[in-house]
Amino acid sequence: MSEPIKNIVLVGRTGNGKSSTGNTLLGTKQFKSKNQAKGVTMICEMYRAAIQDGPIINVIDTPGLCDSFVPGDDISNEIINCLTMAEEGIHAVLLVLSARGRISKEEESTVNTLQCIFGSQILDYCIVVFTGGDDLEEDDQTLDDYFRAGCPEFLTKVLRLCGGRKVLFDNKSKDEKKKVEQVKQLLARVENVGEQTGGIPYTYQLHRKIKEENDERLREEERVIESKNRAEAELAEMQQNLLMEKEKLQMEEAKNKQLIAQAEANEKLMEQERAKNRAETELAAVMVEKLQMEEEKNKQLIAQANRMICARDLNIEWSHSEEHWKWVNLDHNISSNTFVEVAELLGVYWFDVSGSLDTTEMAPWTHYEVLFVVNLKDSAFKWNAAVKMNLFYINSRPGGPGTQERAVDMRQHIGKGWVTIHAGEFITTPENVGLIGFRMSEVDSGDNRGGLIVKGVLIRPIN
């Protein structure tokens, strides 16, 4: 019976000790390892070792995933080589980090690049290996002490996604017993990966994903070239059309200048003729007529003008209580550089909103209607009872106009946005002008209702 083979892939940023970790696993120096900024590993390399009382391991070292001096296409090609080397599939991926310093943004980029190349499922096969165990030992620290000093959010997430699998390595140790124990701990994590993934190595999904990404990249390059050629052709055609349009506009402009000059000359002659024929009496009549027209126009404008009473100027029961009502800035008034405040009902049993208006300032002999401007949100609740809408004259003399009252089912307005609800009408005849009041209320049902926004009251002419 042949010994089981485990394919282990090393990934990480240059300088974190990938190659040294590989040599520790193999028990002999096979991978080149130097302490320098530029990566030593430029291509994927694989070496094999038989672990005593354990499996045969194939250790595959890869280029630094975030090395700026290694082109992206080269990294993709080397990943394909890595898969070719791992014939039986990848059994574990060692994400090599250094415990000698703080985790940097480059480490986060390494994890992101790893997921982009292999897919997010690769974290199911990941084991986080921290090198620099000798430094922690000199400082009399453990790996847990290192984490307590501060663990970046992204690393916490990575450890959680890979089942918390982590191990500390001292690649400089000369203690053979310690070396064997390190490798034993790591292989235990590899076995845990197998248990969590059902013993299925990461291979077929990788081949298919990389092939699809390569094909998609080629198709994207073809689309870019095709789009560029099409854009250049469209640009050339557009430039030609613009040139022709420019010539056409220049010709029309010259023609229009001639017509304008002729029209100005004709207008000048006609004006001279009109000035000579006008008489003083006719001019006076024209001025009187103009004044009359302006006066009538101003009356119409006054009659057509709408009046808006904002929510802040209304009497809203319990509006002083933040438990029942909330004041919210809504629209921005550009002319006054202010915000329009609206009142949002959070919940109240006694619902009463009222106000008043002096009609002596309104246009005479005009028919007006009074409308509450409200918004019943989708989440409005407990509006089963009808709401009373009232319009009445305040301090009216005996025999004057009476109170107008109507009931409104507010449920029909839920979710309809801003709506106007009719409260009543009045006509500004000489005998009816004065102070009028209006009210929207419901105080009998005992329901605790909410979800209503009051913007104000609109008074406008009825055509």
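Note that Cβ sites are derived from N, Cα and C of the backbone, with glycine treated the same way.
Lys18 (GTP binding site) falls within a helix when secondary structure is assigned with DSSP. Residues or ranges marked as GTP binding site in Swiss-Prot: Gly12, Arg13, Thr14, Gly15, Asn16, Gly17, Lys18, Ser19, Ser20, Ser33, Asn171.
Annotation comment: Swiss-Prot describes 173-308 as coiled coil.
Marked as domain 'AIG1-type G' by Swiss-Prot on the basis of sequence analysis: 3-211. If you average pLDDT over the domain 'AIG1-type G' (3-211) in this model, you get 82.
Taken from Swiss-Prot, the feature region 'G1' covers 12-19.
Positions annotated as region 'G2' by Swiss-Prot, on the basis of sequence analysis: 39-43.
Summarising the annotation, Swiss-Prot assigns region 'G3' to 61-64.
According to Swiss-Prot, the region 'G4' annotation covers 131-134. Secondary structure of the region 'G4' (131-134) per DSSP, as helix, strand and coil residue counts: 2 helix, 1 strand, 1 coil.
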Per the Cβ under 8 Å criterion, with at least 6 residues separating them from its ends, the region 'G4' (131-134) contacts 16-17, 20-21, 96-100, 168-173
List the other residues in this chain whose Cβ sits within 8 Å of the Cβ centroid of the GTP site residues Gly12, Arg13, Thr14, Gly15, Asn16, Gly17, Lys18, Ser19, Ser20, Ser33, Asn171, in sequence order. Thr21, Val96, Ser98, Thr131
Among Gly12, Arg13, Thr14, Gly15, Asn16, Gly17, Lys18, Ser19, Ser20, Ser33, Asn171, the record's GTP binders - longest CA distance, Å: 17
DSSP-assigned states of the region 'G3' (61-64) in counts, ordered helix, strand, coil: 0 helix, 1 strand, 3 coil
Around the Cβ of Asn171 (GTP binding site), the count of other Cβ atoms that are within 10 Å: 20
